[in-house]
């Protein structure tokens, strides 16, 4: 899934003694046979745990569904073939919000075990049902569980839910779609809704002739019924987890192409948006071809459908053979979509198609290891796009992904990559920056440490060994460490003997590397290491600590927060003496490396392939500043960007004075590469945006004038067009947007004129996509411009363009207009509910809207939770985004008070602690740095 924190649950009284046994293992001992009279009144729910018992295994689901898009409800039935592994009278499985009308159990000959409908007990707090059989289900036997059910199509974005879209003639059309990950298949049909329970699925969907239906597999036949309805029968699926099942009923149309291996690829969208589907089709075909070659494993299904759903909370979802997308993640309009929009669509498709192997073919055993799905898919975005669309220069974005991960991971409220998660809220919270971004960056580090070839072979070995199965962290490390030949591997030979060590491609310092021990330090403990470097003659002295941005080394709690943290860090470094990249594995708190005494500089963490922050003590930062001023091209653009990032992170953590970081980026006047330029500009902009919300008028003005003066040449070089490389176009968008926000007269004048021309053209003029947001944002400052943008927003068919309009509307300095937008978002008609969280964050970004947005969240908290679900990434982003630039003690107290008022919900969310940590970080940054920044800016005027 593309992105993207204890629940106390009551349980029913358990009367069957055997159900209280610990069943965490795969097998449980046989329960005694019980045959009470039929009737739910005589029975107690037989299971007390959140996870299902392991003694019944589903093998094959035969699922029938009949959605009614007029009544917005559905009925259905499911026949599940089950394998019973211990004698029992009970079948316990998942169901949420379904009305169960009938339940029976049949033997292998399809004979009913009972003449009566079987009792069904419900445990809503665990989202489980228990079906009682008066006859013992015998160990080693297979049975068929048959259930009939019905429900309303869900409101919101999970389960089997309704979505709508408006045509250009104003007609509202309805469709029904699914989103099951992580725990919502149980909202569409009774099932064993845990990833370990893989099964085959045969789906039938009844529909009206004006609609089509889609599922994971192709339709094998369509039956016409006597009432004029049609019934689509889909081919049986491969073995897969329930969260990957999908179906859509709509009036959409498609474009189709075929991969070189014969896979049929189709992109579906609302009929009027078909012109926007062609780029996605091209990308999907290229990506599937690339992945089949990279993984050396054929895509196992005959087709791959990609469909743009009008109401969709996340970016996309990797359902096997039927990937679903938010419209902005799939549709590309050359006239209104920017180069950033194009890159986003390409990366999201790359992400979801990577999941067809990572996640679908091989699935984590439980949600604690969701990073095996999401971290890999996030990393494969970069590998796949770099290979298939090199002109998009996607490698320039990987650094930013790792910087985002470090930002969260350096708060004490972070979590290990592999973390416990049991209930649905905790599981939803696993889909976060740690699983996606840190997971990707740790894999990037591992790839560079092992070499590309060894890393790729390990991936293929992992995917082949665990195809159609479930895997754990350890399975990945074993696959990476196993360097025997493919023949040895297939024959099942053991490849860890000492004689095999000579084949190991990553012998390190003459010793066999314990990959598991190394990687456990990255996945089983939270946080990011800080490597402090000191040069002493011919040696480089190293020390590792846990990097924290909320606590200073002088704070009393510092030692306790450092205790027990130790990483196996694959260090790399370069010097001016040669172009060699030196390598060293640091496994202790302190270490030293011999270097040539005559070297002038040492840069540690070459190209930031390692996931750690570097601090240069004893004048080391002055050396780096001098190097950048005198010969910045001696370092790669990645190394220059990494130095800027580390310096400003160390300012926040109290390890470096702010003037040192500002002196370091002074060399940017000479910089020509986009990435370091944007990194330095980004920190200055972040400071400006936080300070402008503090009512520090003089400091805000001085910092704004300094930024404009410092980047004057870069600003003046920009053209108001879509010309140039992807990097140049990205720089143009960022630089001109900030210049106009800082009220740079030439920028405002050009934007005003462009907006006027656009308005007068009555929709016939398309603005250059790179500067459209800037132009709209300036135009939104007067009443007529704002009203015109809102009107155009309502009627636009381009999701990418609508996003630009919405952003511009939130830039208004009229708070009544901002309040109106928030109300429209809550209502969910003009502004869809899927865009509500983004809208709130856009308003919060506005200096006149940041308290407005926070107060809106406090006032409408219960409604937001109901609409978006407590553990969803949308709710987490709302919590952290609205508070993200609070920097005063009063704001911190306000946030603490609100979280106290929703204590029961806040206690279930790690995001509330992340938000508090972040505000505390901002408060301390302001206390330490506002005055030095004020002094430094005054000195620059002299």
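Cβ atoms are placed via backbone N, Cα and C, with glycine included.
Marked as active site, proton acceptor by TrEMBL: 352. Residue 352 (active site, proton acceptor) has a Cβ environment of 29 other Cβ atoms inside 10 Å.
Within its own chain, residue 351 (Zn(2+) binding site) has 2, 315, 316, 318, 377, 378, 380, 381 as residues 6 or more apart in sequence whose C-beta sits under 8 angstroms from its own. Taken from TrEMBL, the feature Zn(2+) binding site applies to 351, 355, 374.
Among the features that TrEMBL reports, domain 'Aminopeptidase N-like N-terminal' is placed at 58-244.
The domain 'Peptidase M1 membrane alanine aminopeptidase' feature in TrEMBL is assigned to 279-484.
For 601-920, the entry in TrEMBL reads domain 'ERAP1-like C-terminal'.
The signal peptide annotation in TrEMBL covers 1-19.
Per TrEMBL, the feature site 'Transition state stabilizer' maps to 436.
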For residue 374 (Zn(2+) binding site), list the number of other Cβ atoms lying within 10 Å of its Cβ atom. 28
Shell of the Zn(2+) site beyond 351, 355, 374, same chain only (C-beta within 8 angstroms of their C-beta centre): 1, 2, 318, 352, 354, 358, 359, 373, 376, 377, 378, 380, 381, 436
I'd like to know the mean pLDDT over the domain 'ERAP1-like C-terminal' (601-920). 97
For residue 436 (site 'Transition state stabilizer'), the close recorded positions (Cα within 10 Å) drawn from 352, 355, 374 turn out to be 374
Other C-beta atoms within 10 angstroms of the C-beta of residue 355 (Zn(2+) binding site) total 26
